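Undergrad: Below are the structure tokens for one structure; questions will follow.
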Amino acid sequence: MKQSVSAEQIELKSSLPGSKKVYVDGPREGMKVPMREIEQSETNGVPNPPIRVYDTSGPYTDPEYKVELEKGIPTPRHSWIMGRGDVEAYEGREVKPEDDGVKVASKHTPVFPQMDRQPLRAKQGANVTQMHYARNGIITSEMEYVAIREGVEPEFVRKEIAEGRAILPANINHPEAEPMIIGRNFHVKVNANIGNSAVSSSIAEEVEKMTWATRWGADTIMDLSTGKNIHTTREWIIRNAPVPVGTVPIYQALEKVNGIAEDLTWEVYRDTLIEQAEQGVDYFTIHAGVLLRYIPITAKRTTGIVSRGGSIMAQWCLFHHKENFLYTHFEEICEIMKQYDVSFSLGDGLRPGSIADANDEAQFSELETLGELTKIAWKHDVQVMIEGPGHVPMHLIKENMEKELDICQGAPFYTLGPLTTDIAPGYDHITSAIGAAMIGWFGTAMLCYVTPKEHLGLPNKDDVRTGVITYKIAAHAADLAKGHKTAHQRDDALSKARFEFRWRDQFNLSLDPERAMEYHDETLPAEGAKTAHFCSMCGPKFCSMRISHDIREYAKENDLETTEAIEKGMKEKAEEFKEAGSHLYQ
């Protein structure tokens, strides 16, 4: 009997406090671009305008939307894709039990009800990538949508994609995705990793993690499932994901050969690529830069090869003493990618796993190969981003960005942190956010989040929330440092609310309103404390902002500028001191 995953099984929350979902009409009929509007209260009768911010939460925060996971979410891109006239529906490959890592399909696996839908692919001789359209001077609906989200002109979006400086990951089989862009001249993006393992997690939990991560601001998610039900879990996630979904196909290919790396073949891997492309995966991490000649260089490392995909391919290369089949078949992979518009995320299989190994010969040798592969992908008009480290101390971070921009001709950089120290298990979301903020400032386009469970275990829901928020902080700090034209507006609004003691506005304007209110209410839970002109840190007598208010009020009453009021007040206090006898202690 077929099971199902219902909305009742998982926690789906509405919009954040003080916020509402709004839509901006696009230039094409029916195009509605989501935003989150944060309302603000008045200041002495003077209205404070609402603040609109980028929204990744999909329909789940729309009060008018009824969640039905078994049907999937709306498909805003479907008409755009079909309207271009360059795709066709076809039968697709047969879904087999081995796709879920089993020999016989289990009746207990919650099969997605619409698994029989026909996938799309490019018509014979066509190329359906956003890069292909951009290079041919076409501004697609997806590009127009992105331009509204980013606050730029559509032509700027087209040019950045055409030049390879940005990617718009948008598989034609993932029409549910709300278009977004990854590039250093746009907002810095954040990816959240989810996925089951052989020892933990269920399909319902992973769908919930996806909706949870996007609620807190994840711009993309990667399904890194390595346990059973990989295909089915991915189907549930993609059909309900409003953001692009990435995978590492070698993980599933390995499951198909019972976890024995040396039994992997190009044929098994190729079949897996097509399977996932038909489902709608938007970008693939492919470790094609792990070459046979680079593997011995890692022997002198402190932590060797720490990438799962990198170690799998290294083991295969050494066992067969052959070159990496992902490298030798790269042109064929490009042919598959452009049929579905799957973007490359060229994997850093030799990334450093400790600061002792940062910026070493193995890491930068692989980067040279990724630069070579980028040129090949671009020859096919396939979109590319480059994955980066890893564990890198602060003084070595900038070199990574400079080398990537030079070697990979400006392709977007997508980094895991980097972690800036190795001594803080349980706090690696912090050690990595330090590096993430720096490398984002230097030009990284997307940051892969790290949770407190990094190196320790599979993250739960709360870990996902902490990881996403931590990385949204790093990404926003980078946007501010780069001078993004709208980045400071939210900061300015929150600072004004803080100075005016509009506590609820402070909470609502923050990245995590619920956590901010929770911490405030631990010491001042009364409703009256939400309007008090102090908090529990300094109390009523020592609040610096309250004192600043008093100075301004004094200046106003005495018809003085604020600086004059301070000087006058200081003189008055000096006279009081003299009159009291000029004693330091009375």
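Backbone N, Cα and C atoms are what each Cβ position is placed from, and that goes for glycine too.
Annotations per Swiss-Prot:
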BINDING   N193, M222, Y251, H287, S307, R308, G309, D348, G349, L350, R351, E387, Y414  substrate binding site
BINDING   H391, H455  Zn(2+) binding site
BINDING   C535, C538, C543  [4Fe-4S] cluster binding site
COMPBIAS  22-33  compositional bias 'Basic and acidic residues'
REGION    1-33  region 'Disordered'
Undergrad: Cα-Cα, whole number of Å: Y414 (substrate binding site) versus H391 (Zn(2+) binding site)?
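TA: About 14 Å separate the Cα atoms of these two residues.
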Undergrad: Looking only at Y251, Y414, which of these binding-site residues has the biggest number of Cβ atoms within 10 Å around its Cβ?
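TA: The residue with the most neighbouring Cβ atoms within 10 Å is Y414.
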Undergrad: Could you give the Cα-Cα distance between R351 (substrate binding site) and H455 (Zn(2+) binding site), in whole Å?
TA: 15
Undergrad: How do the residues of the compositional bias 'Basic and acidic residues' (22-33) split into helix, strand and coil according to DSSP?
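TA: The composition, in the requested order, is 0 helix, 6 strand, 6 coil.
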Undergrad: Return only the integer: C-alpha distance in Å from N193 (substrate binding site) to H391 (Zn(2+) binding site).
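TA: Each residue's Cα considered, N193 (substrate binding site) and H391 (Zn(2+) binding site) end up 18 Å apart.
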Undergrad: Near R351 (substrate binding site), how many other Cβ atoms are within 10 Å of its Cβ?
TA: 27
Undergrad: Under DSSP, is H391 (Zn(2+) binding site) helix, strand or coil?
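TA: Note: H391 (Zn(2+) binding site) is in a strand by DSSP.
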Undergrad: The record names N193, M222, Y251, H287, S307, R308, G309, D348, G349, L350, R351, E387, Y414 as the residues that bind substrate; what is their largest Cα to Cα distance in Å?
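TA: Max span of the substrate binding residues, Cα based, is 20 Å.
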